[in-house]
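Participant: Here it is, the structure, as C-alpha cells.
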Amino acid sequence: MARRNPLLFAIVVTILFVVCYGSALIAQTPPPVDNFVASAHYGSFKKRHGKAFGGDAEEGHRFNAFKQNMQTAYFLNTQNPHAHYDVSGKFADLTPQEFAKLYLNPDYYARHLKNHKEDVHVDDSAPSGVMSVDWRDKGAVTPVKNQGLCGSCWAFSAIGNIEGQWAASGHSLVSLSEQMLVSCDNIDEGCNGGLMDQAMNWIMQSHNGSVFTEASYPYTSGGGTRPPCHDEGEVGAKITGFLSLPHDEERIAEWVEKRGPVAVAVDATTWQLYFGGVVSLCLAWSLNHGVLIVGFNKNAKPPYWIVKNSWGSSWGEKGYIRLAMGSNQCMLKNYPVSATVESPHTPHVPTTTA
C-alpha cells in the first residue's frame, strides 16, 4: 500500500485548497495551538489511553505530533461539516508517517494492484429502489475486530466479506479466521500486505474454498509477527469463487442490498483522527487499506455508506466509519470485490477463480 511523505502530503493539501478555494482558505487555516491548551488535552489523552513514555525525547516527540494533529483535526473539521475529527482517539500521538507505516501497509497496493485482474459482474435486474440497508441488523456482520500492528487489513476485509456472504445466503453467522490467511496464504505477504481477491484466489486454489473458524484458528498476529502456518482447524464456511464488481457506486449498492457486504480498498490516510459522522471530503490519492461495506442509507443528508474497519471498537463510531455516497469518497469504488457462496436461497452467480 502506498507510502507518502507527510511533508509532501501537507504541501499538496495546501496547494489543492488554495487552487480550489482561493482566499476562502485563509479563514480555514488552522490557528496556532497554545502550548498550555495542547498540554491539557495531551494529559487527558495519555490518561484515557494509558500512555507512558520512557524519556524526555520520546515524550517531546509525541507531544509535538499530538499538537500537530490538533491542527490537522481543525482543518479536516472545516472541510467536513457532517463529520468530526478529534485528538481523543488512540492514534493522536502518531505522526502521519508513523500512522501510515503501522496501519496502512505502505507500498503494497502501488506494487501489486496493477496485477489485479478484473472480471466485472453486472447484475442486469432492475434496481429495487431500496433506500437503506444495514447488514448488522440482519445478523450478517461479526463484531469489530482489531488487526493490531500487523498490516493484515486485506485479510480482515476478505474474511469479513466471506462471513457476510455466508450469513446473507442463509447460513448461520460464524466468525472466521483471518490468521489462516495471514499465516498460510502464500500469494499475499502476511503482515506486509495483501489483496482481497488474491486471498480469495488462494482459498479457492489451495484450500478448496474452505475457511476455518476463528475459534479453531484464532488471530495471533496483532503484535506484527507472522506465525508459521499449521493449516488445521474447523471449517466454518466455504466459498465457490469470487468476482470484481463494477467501479460504480450504484452497482455496488445493488450488490450490498441484494447479496450482502462487499470488500473494498480505500485511501485511509485521513482516518487517523476520525471520530464520527459522515465524511464528505476524504482527500484521497491512492489505495492503502482494506475494509468492508456493510450497508448504506440514501435517505440521510448526506447519504452515506456504512463501513466496517479493523482497528478495534474504540476507533471511530464503535469501529465503523460513514462515507458520503456518490462522490467516491476515499476512492471507495475503485476496488470492490466479493466472494460467492452457494445457497438454495439465492440464484447462481457467475464466478471467477483466477
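Each position is counted from 1, following the chain as shown.
Quick reminder: no glycine exception, Cβ is built from N, Cα and C everywhere.
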Participant: Consult Swiss-Prot and report which candidate among C153, C184, C191 shares a disulfide bond with C150.
Facilitator: C191
Participant: Would you please pick out, from the recorded positions N208, N309, the one with the fewest other Cβ atoms within 10 Å of its Cβ?
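Facilitator: Output over recorded positions N208, N309: least Cβ neighbours within 10 Å is N208.
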Participant: About how far apart, in whole Å, are the alpha carbons (Cα) of C150 (disulfide bond) and C282 (disulfide bond)?
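Facilitator: C150 (disulfide bond) and C282 (disulfide bond) have their Cα atoms 24 Å apart.
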Participant: Name the secondary structure element type, per DSSP in three states, that contains C191 (disulfide bond).
Facilitator: helix
Participant: Neighbour count, 10 Å Cβ-Cβ cut-off, for C282 (disulfide bond): what number do you get?
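Facilitator: Here the count is 26.
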Participant: List the residues of the same chain that sit at least 6 positions away from C229 (disulfide bond) in sequence and have their Cβ under 8 Å from its Cβ, in sequence order, or write 'none'.
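Facilitator: In sequence order, the residues whose Cβ lies under 8 Å from that of C229 (disulfide bond) (at least 6 apart) are S183, C184.
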